[in-house]
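Colleague: A single structure is presented below for examination.
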Amino acid sequence: MKVAHVVVDVPAMQTDKPFDYRIPEKWEEVIVPGIRVIVPFGPRKVQGFVTGIAEASDHGKLKTISELFDLTPALTDELLKLGQWLTEKTLCFQISAFQAMLPAAMKAKYEKKIVLTGNAEELPFDLAVLFSNTDSLSWDEAQAHDLFSSLQKQMKKGTLEVVYQVKQKGKQKKVRSIEVNGTAEAIETAAREMPPQASRQKAVLDFFIHNGLSPMSAADLKELAGASDASIKSLVQKGLLTEKWVEVYRDPFGHRTFKPTKSMPLTREQESAIAPILSCIEEKRHEVFLMYGVTGSGKTEVYLQAIDRVIREGKEAIVLVPEIALTPQMVDRFKGRFGSMVAVLHSGLSTGEKYDEWRKIQRGEVKLAVGARSAIFAPFQNLGIIVIDEEHESSYKQEENPRYHARDVAIRRAESHSCPVVLGSATPALESFARAGKGVYKLLPLAKRVNERPLPEVSVVDMREELREGNRSMFSRALFEHLQARLERNEQSVLFLNRRGFSSFVMCRDCGFVIQCPNCDISMTYHRQGQKMKCHYCAHEAPMPSSCPECTSEHIRFFGTGTQKVEEELARVLPEARVIRMDVDTTSRKGAHERLLSQFGEGKADILLGTQMIAKGLDFPKVTLVGVLAADTMLHLPDFRSSEKTFQLLTQVSGRAGRHDLSGEVIIQSYSPEHYSIQLAKEHHYDGFFEREMSERKLGSYPPYYFLAVVNVSHPDLLKASGVMENIAQYLKQNTDPYTKILGPVASPIPRIKNRYRYQCMIKYKKDDKLIPVLKKVMDRYQQETAREDLGISIDLNPSSLM
């Protein structure tokens, strides 16, 4: 007898271990580690992952595996080991780690049904009507008819039974394919002998003859050859054609053509940067490189040429790009160089498209995966390089379980495959630059732009002075004049504001009441389109009130500025300007992101106005002006990374200007122009910012001088949330190393979201071997309450944000 160790799809502390199941004899050669199976678990059936095979079990009578989900493993041996590592590293359940590695289409879908197992004639009339034309009923249907007492009696008799069906969410796409059945000569003879009344059948055969007898989908045959279902059916019956259903991939880029590109000559700096990477590839050696290059320094070309070497050696590559930087331009560069060898994985694809791209990787049909954070789990088996572009981006850290950072996973995978990792950024994360300084990473500097173009000239406008001098507009006089000049010269401008909507909050001018979300402790944002108030945390919507809900005054005013309001103001002050607005609201439809950028690239607009999604990955020759409308947006958030994020964002968005023949200018508007992150971004001075910010971090005992962990507690009841957090904080103080700092508990920066009160405590530590076991004990202690009650506890090791 063979036994499978199975991790079941029940994310709970008491089930976070492999369970033993007997493998049916007929499947003993088929079931291997990494395959998904369906197993009985308690009264139901669930999906599970096979993590190992044994000849015997220490347990008594074993249940048997019910069904197979796969014939080839969904997870490779390397990914199974990676899942175990993720479990330890992020304190998540094993099942959560495994599921994070697969596309959504492969997640299990559970359906509860009532099945007729006895004679339908024995059922009472009310149930007999329901089962008259079927032998099964969904649980929802049973609930709708409220017949549970009758159902329960029949279940006791054995006439009915509750079963759980496990299905995969996604399906393969199949089309009807028509193939010629015979030689060219035989088909030509058959076509000649067709009677006049069979002209459509003759046209179909002639079409196949002229197209080399290649198989074709029924849909294409109807469109191109004028075939009908009747003519196809007749030819199939005559044995001249064969009809079958074949799988096809859903191609998200089928509507686009990619112009092939060739390698570009490298500059001396690029040659110096690529040499150690190529050496690593040839020697099959693991090393982490930090490519620190100014915007426009040609980092992408270095990636492309290193990947080309990897592919020519028969290996595979992963390139991670932040979701917002995965623009059509970026896809063009990789598809143009590597064509059909590229799979692209990002949130703009449908569930089916992601599933098909993933299966191309699994089947070895592509050599390169380009995608956002989760693409790091691409199931390649012979990796030669992993590249993380814009490595400083916070979106590489997942905020839900498993709370991994893609950089850590990349390094772990590269160690397994003995290959290099290349981290690229103009503004590296402080932790990464500090590691490069210590020699943990190898630094590869690119100090100049490829075409020797100077970095754009940056000026900072003090908006307090503008206000004192009577300018109440959202545009400083300097920015407005420069926008006008660009319009006159037929050049393009980019305006950046990291706040969507019309205004950031709505306030009554008589009583000071601010309209807040009823579910969250946060003000609602007004959106002009639809005249709605929206909460950007829980998605609650409400109509815009005509009077104050508190004092009934009609003196309601919009405060703050969102992208919608800027768009409206541009139409008023620069009516001749053609404006494209890009934010979550305008790019929510599939293909909108690509369409808007294409229009801007084709010169169909003068100004591109947008949020963070326009700060990265864009390269337009005619853009000579970048305006940052409010540089302070993130600066004053209660987060130790706020200065770093401000500096990075300003540097990145500034890099969109003057990348080609025309010189560029950047105007930054700020109410805190003296802040070091703004002043050093103005000077493009990363090294200066690094030194200043490191001294601030050292004073505050923050990373990279200390490791950081945050414990979050949430509950609908305020006292319950604060009480549990208080108990956890006391337990941590009593059981961790004396040098470990436990701060809090305190209410989270946003104390309530989705009607749940939130408390947190922060842990700062250098080396504490007790900490991880202690945190696991905390989860153990509260696991029954988190499972049965509405208590939420999460632990984030190395959080990217404290919000």
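Even glycines carry a Cβ here, placed using N, Cα and C.
Heads up, TrEMBL stuff is auto-annotated, nobody curated it.
Sequence annotations record features per position, and here TrEMBL assigns Zn(2+) 1 binding site to CYS508, CYS511, CYS548, CYS551. Positions annotated as Zn(2+) 2 binding site by TrEMBL: CYS517, CYS520, CYS535, CYS538. If you look up TrEMBL, you'll see 280-446 marked as domain 'Helicase ATP-binding'. The annotation domain 'Helicase C-terminal' is assigned in TrEMBL to 543-700.
In the displayed structure, how are the listed features positioned relative to their neighbours?
Modeller: CYS551 (Zn(2+) 1 binding site) has a Cβ environment of 12 other Cβ atoms inside 10 Å.
Note: CYS535 (Zn(2+) 2 binding site) has non-local neighbours CYS517, ASN519, CYS520, ILE522, MET524, THR525, GLU541, i.e. same-chain residues 6+ apart with C-beta under 8 A of its own C-beta.
Mean model confidence of the domain 'Helicase C-terminal' (543-700) amounts to 90 (pLDDT, 0 to 100 scale).
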Colleague: Whose Cβ lies within 8 Å of the mean position of the Cβ atoms of CYS517, CYS520, CYS535, CYS538, the Zn(2+) 2 site, other than those residues?
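Modeller: Other same-chain residues near the Zn(2+) 2 site: PRO518, ASN519, ILE522, MET524, HIS536, TYR537, ALA539, HIS540, ILE753, LYS754.
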Colleague: Which residue, out of the binding-site residues CYS508, CYS511, CYS538, CYS548, shows the minimum number of other Cβ atoms inside 10 Å of its Cβ in this structure?
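Modeller: Result for the binding-site residues CYS508, CYS511, CYS538, CYS548: minimum number of other Cβ atoms within 10 Å at CYS511.
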Colleague: Please determine which of the binding-site residues listed here (CYS517, CYS520) has the lowest count of neighbouring CB atoms within 10 Å.
Modeller: CYS520
Colleague: Return one of helix, strand or coil for CYS517 (Zn(2+) 2 binding site), based on DSSP.
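Modeller: Assignment for CYS517 (Zn(2+) 2 binding site) reads coil.
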Colleague: Residues other than CYS508, CYS511, CYS548, CYS551 within 8 Å, Cβ to Cβ centroid, of the Zn(2+) 1 site?
Modeller: ARG509, ASP510, GLY512, PHE513, PRO549, GLU550, THR552, SER553, HIS555, ILE556
Colleague: Compute the C-alpha separation of CYS508 (Zn(2+) 1 binding site) from CYS538 (Zn(2+) 2 binding site), stating it in Å without decimals.
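Modeller: Computed Cα spacing between CYS508 (Zn(2+) 1 binding site) and CYS538 (Zn(2+) 2 binding site) is 23 Å.
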